[in-house]
Amino acid sequence: MGNCCRSPAAVAREDVKSNYSGHDHARKDAAGGKKSAPIRVLSDVPKENIEDRYLLDRELGRGEFGVTYLCIERSSRDLLACKSISKRKLRTAVDIEDVKREVAIMKHLPKSSSIVTLKEACEDDNAVHLVMELCEGGELFDRIVARGHYTERAAAGVTKTIVEVVQLCHKHGVIHRDLKPENFLFANKKENSPLKAIDFGLSIFFKPGEKFSEIVGSPYYMAPEVLKRNYGPEIDIWSAGVILYILLCGVPPFWAESEQGVAQAILRGVIDFKREPWPNISETAKNLVRQMLEPDPKRRLTAKQVLEHPWIQNAKKAPNVPLGDVVKSRLKQFSVMNRFKRKALRVIAEFLSTEEVEDIKVMFNKMDTDNDGIVSIEELKAGLRDFSTQLAESEVQMLIEAVDTKGKGTLDYGEFVAVSLHLQKVANDEHLRKAFSYFDKDGNGYILPQELCDALKEDGGDDCVDVANDIFQEVDTDKDGRISYEEFAAMMKTGTDWRKASRHYSRGRFNSLSIKLMKDGSLNLGNE
């Protein structure tokens with residue numbers, strides 16, 4: 001009968017065992033090939049089988065080192081969360097120290113309604129397990145995506161909670177170092193649910209005046225001094241300022257299609273307050289954003305000063321009018337999509353059946369008022385207005401620029417369908433297979449750099465080699481020099497935009513990025 005009769009909990013438990021046991025974890029000594037004893041990470045906790053006291057059920061989330069499961073305490077039947085960190089993935093002394101420090105910091109910080117509570121840490125031969133309170137309301141990140149952005153009043157409330165977490169950490173000698181929307185969960189699904197910080201995996205203890213040089217964090221939320229390898233607790237306020245900017249407008253203040261481009265934007269420090277919806281946002285909110293994103297950490301606000309700022313103090317009086325809609329958020333998402341995905345969407349558009357494309361075609365024909373086969377900015381603005389989608393001129397211009405690969409200032413039918421496909425997310429596996437075959441010219445089951453370059457050349461531009469290399473850096477996740485169908489489908493389904501990119505973390509990659517920035521002159525270390 002196979003697996004059909006087993007409970008999800010049984011499957012989950014077996015998955016945990018398969019993840020952490022077996023020959024992959026076994027270590028052999030140099031002499032006789034005998035297995036060495038499993039590594040010990042936490043010296044102050046008893047070694048025990050977690051399943052003696054807890055039932056591990058369905059998977060809730062997955063990170064670079066750990067898998068988080070729904071966890072049921074056998075004695076009380078309480079629902080909890082368990083983050084299981086595989087020892088097999090702790091390959092270096094630095095990795096082991098990170099886990100030790102994460103546990104130490106969660107035990108060190110006082111109990112707070114804004115920080116997830118660690119019930120206990122335990123360890124067996126295969127993993128370190130952190131048993132924590134369960135937060136069922138989902139990520140702050142996901143609520144931003146679902147809404148596009150918050151009202152000012154809601155943004156002020158969320159920002160207050162985030163900065164209170166920062167203040168608590170700094171008061172107790174901890175720098176978080178990885179503040180981002182994904183690391184905050186709502187306790188429940190209610191609108192007024194408490195918000196809790198959950199992940200302290202990159203956090204570190206500090207003493208007043210102490211400086212750090214290791215580049216860690218998530219690209220879009222990094223302070224400039226992190227890139228310059230000379231930073232202190234002020235970086236958490238910068239990251240909170242980036243989150244505030246996103247809460248108010250739906251995109252980060254510094255973004256580009258490559259990590260190097262993002263880093264250079266951060267170092268330039270130019271903040272856009274002109275694009276919608278910023279003209280409708282209060283000056284006090286903008287003032288706070290500016291002071292939190294102050295490039296000089298010595299002049300940047302402290303957590304205490306942020307909480308004393310008039311916009312936070314008067315949060316209940318802040319405007320409660322929605323600042324935009326989900327369509328705007330999706331348009332922005334499309335605007336940072338790489339050229340590979342844009343091309344693939346156009347290929348898919350050509351394969352759509354008459355039924356699938358009929359509604360899109362009707363909309364295009366209605367917008368193309370002069371019947372010349374293209375939609376101008378004015379026609380697009382008028383059409384979106386007719387379809388009850390209120391977009392400012394800057395938003396429409398951004399949409400045109402995102403898909404208008406030839407720089408005509410207009411959209412032809414194929415480009416228009418590509419936009420609609422992305423917004424409606426109608427591409428299925430059959431469409432993706434056809435699009436993949438278009439790029440896989442030799443039919444060997446992989447897209448090679450030259451094949452991608454040749455496809456990009458069809459849309460013009462002589463920089464296809466550099467663009468193809470950048471795309472491979474992002475999409476070729478197993479780094480075998482080719483793009484498989486699975487990697488292609490993952491890119492198409494999740495998007496190669498800032499939301500996906502913000503989840504990536506790699507010490508090696510950021511160290512390499514820092515070297516690049518020094519070589520091209522972006523970093524001016526002499527000013528520190």
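Here the Cβ of each residue, glycine as well, is placed from N, Cα and C on the backbone.
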Request  = May I ask you to find which of GLU378, GLU379 Swiss-Prot records for the Ca(2+) 1 site already listed with ASP368, ASP370, ASP372?
outcome  = GLU379
Inquiry  = If you check Swiss-Prot for phosphoserine, which of SER21, SER43, SER86 comes up?
reply    = SER43
Note = Feature phosphoserine (Swiss-Prot), candidate list SER36, SER114, SER512, SER522, assigned to SER522
Query = Which residues, sitting 6 or more apart from ASP440 (Ca(2+) 3 binding site) on the same chain, put a CB under 8 Å from its CB?
reply = TYR446, ILE447, GLU451
Message = Sequence gap of 6 or more, Cβ distance under 8 Å: name the residues on the same chain that satisfy this around GLY66 (ATP binding site), in order along the sequence.
response = LYS83, SER84, ILE85, SER86
Key: Integer Cα-Cα distance in angstrom, GLU415 (Ca(2+) 2 binding site) to LEU60 (ATP binding site)   = 37
Request  = Would you pick out, from the binding-site residues THR68, ASN444, the residue whose Cβ has the largest number of other Cβ atoms within 10 Å?
outcome  = THR68
Request  = Tell me whether THR410 (Ca(2+) 2 binding site) sits in a helix, a strand or coil according to DSSP.
outcome  = strand
Remark   = Taking the centre of the Cβ atoms of ASP440, ASP442, ASN444, TYR446, GLU451 as the Ca(2+) 3 site, the remaining residues of that chain with Cβ inside 8 Å are PHE439, LYS441, GLY443, GLY445, ILE447, LEU448, ARG482
Ask   = Under 8 Å Cβ-Cβ from ASP442 (Ca(2+) 3 binding site), six or more apart in the same chain: what's there?
value = LEU448, GLU451
Key: Residue with minimal Cβ packing [other Cβ atoms within 10 Å] among the binding-site residues GLU415, GLU451   = GLU451
